[in-house]
């Protein structure tokens, strides 16, 4: 309990960081499985619109 | 019941603009099944049950391209209730070719003649009623850009769709062909719907293989077609094509009145200069110079300075209120610190120990030891110390010198650092806010270090260049939208042809100025396999958006924003493409005749502000998203491996980054880069992390050198960076990162497009070795010329240079051809 009381700030920040990192990693894996382009941009102004990726 | 309307037309006819205007935000984007061509559908605004399908832009319903096959299959199988055919009113003759084919499908067609604003502005006239009569369908005048006539066009299409009446084409071919077509129609299976029989008959006459796949059974019509070909002395496809164009020409004569037949359009007049044999290249060079100079060195720098010094720095004065007063106070304080440093330096030189007093006078020291200062002053007074202070200008040159006495030192020691918050409205920067927040919750020091010195320093260093990138993207979007980029491919065709490529190979490189991935994908348009592979290999030499922070960092931090650095990066890329093209085309692997290059040059027009800003924001947002994902993960990893290492046999957090795991790895690989002038572990590691994403090079610098060093662009940074870089080695570093293998994502695109592990590794190996050799030559020969330095690496560089010239200028031998006589 004492450990929690003394380190709640670090634990909170650490947990937030873990959640952020975890969600980024999961999102990247999901995008990769869906075949989304890693160029990351929208298509409507790209000369390769409709030809590049799903 | 749901009505389906298909939107069909040539590329560049304004289809997308019309589709966006008719559907607004009610659109959804997917894929045509089985292919990677994007499918767009949307609900028609103002009509609840009407779906508008945007077909790929096509010139005809022939079976030669994926887009044509996709469009045709949709029209035949899905049988939309109506077709809204958009034609470019300024280019009616070419656009009507597709129209004549659409009219044969039996589906009701409304022809929307677009760009009427331009037609009217040119003083030309389209006789719409006559055109409708000749085509046998409804014709509407519209301007998708201005929004005029589009509702009427949509309403007419909906009305036709609701009638559910099949349409019969009024166009007939010559009697001989009609005879053949009737004979073919009679042989078609009953499964072919009545309204599509004519279309299928024409396609069978043209020997269309794709259409044959859709017929069961396939009627044997070869004798009918052959007989017609012999009688008309031409192949069947050409017969049909010629007849269509004859019909179209007759329509144009009756329906289109040009104000002045021989009058040059504005586009023609501009092209006379822009694509002029002698002026084209210099104009192109000037345009790209201006683009990069303004983006990186002038406008972009002003904005980036605020981002780096303000948002990701200490903070900024809102609307500059109080900024001038604070600047004066800060300069006065700096002067006092200069006097202190000069006096301490003089004291140290005469043998007085200044360690304690230096720490006591350090503004960051908590609870300074006043007795250390008193003791020092006594010692200095006894020794009669006098110092000399030097004031430097922005270029690092001494501007002024003056003596510093003990009294001056004592006065200076009393000076307090001004707090910017006491002047005007001060907005603290993100690092300060985050630090305060973390300290207030007693966050562990290592976690605070990870967040501030890792994530904020790394990601902040990258995001600091967003303003420069946005300015660059505005320029590129403008050049693309106005039509100039298309001319560049045409201009470069003349040069490319000299070494066996065509301008078609330059189009992927133009696209690659945004991102290398679509650039590599664009190589699909090159039919010749060898040219396509060579294009894939060289496309990423052009600096993409992600490389801009590296260019901006080197130009700003290490060359004091010299005007030539940023534009030279672009031209280094072009030169690398040209040189690689010449060298590779002379090898057996890539030799061969260049492919023909036919390209439509769209008319020049002022791009809409919305389009330019949208394009800029899309690219910029993708950069920011990448910073928040890939770069963020990379900075966390880099921070950990640089701040943890084995000390005294124990794996723990290190005080000095040079003891970290990353430094150990970096020192192992650094000697590889010594001949390039930057064989120091931090620079080597930064280059390697650039393989994940090119922006990582800057992010890694931010962590390993400290964000302040990266953000500053004054001579002060030389204090730290000069241990790793001189001007020459900095440029060598820039060249290496510009030309070497691209990021992992682009490598993935190369792997997919090459479709061969052997070719993929060849491409990556070529790019990396090329980059290494060029960088080595830049540094070694530069050192020879500027400093007279000569060593083993210099000799190797000279040999490499000679080899380059030999490979460039050796005669081109066409690949061996097998010639055999064949008796017919």
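First residue shown is number 1, and so on along the chain.
Glycine is treated like the rest: Cβ placed from N, Cα and C.
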From the ranges B:511-533, B:787-809, grab the one TrEMBL calls transmembrane segment. B:787-809
Looking at the ranges B:278-303, B:304-329, B:330-355, B:356-381, which is given as transmembrane segment in TrEMBL? B:278-303
Transmembrane segment range according to TrEMBL, out of B:604-622, B:623-641: B:623-641
Checking B:9, B:12, B:23, B:56 - which of these binding-site residues have a CB within less than 8 A of a chain A CB? B:56
Please determine which of the binding-site residues listed here (B:21, B:115) has the lowest count of neighbouring CB atoms within 10 Å. B:21
Taking the Cβ of residue B:23 (Mg(2+) binding site) as the centre, how many other Cβ atoms fall within a 10 Å radius? 22
When each of the binding-site residues B:9, B:56 is scored by other CB atoms within 10 A, the minimum falls on B:56
Just name the winner among B:12, B:15, B:20, B:24 (the binding-site residues) by count of other CB atoms within 10 A of its CB. B:15
Stretch winning on C-beta pairs under 8 A with the transmembrane segment (B:759-781) (pool: B:278-303, B:564-584, B:661-678, B:685-708) is B:661-678
Can you say which of B:278-303, B:623-641, B:685-708 has the most Cβ pairs under 8 Å with the transmembrane segment (B:564-584)? B:278-303
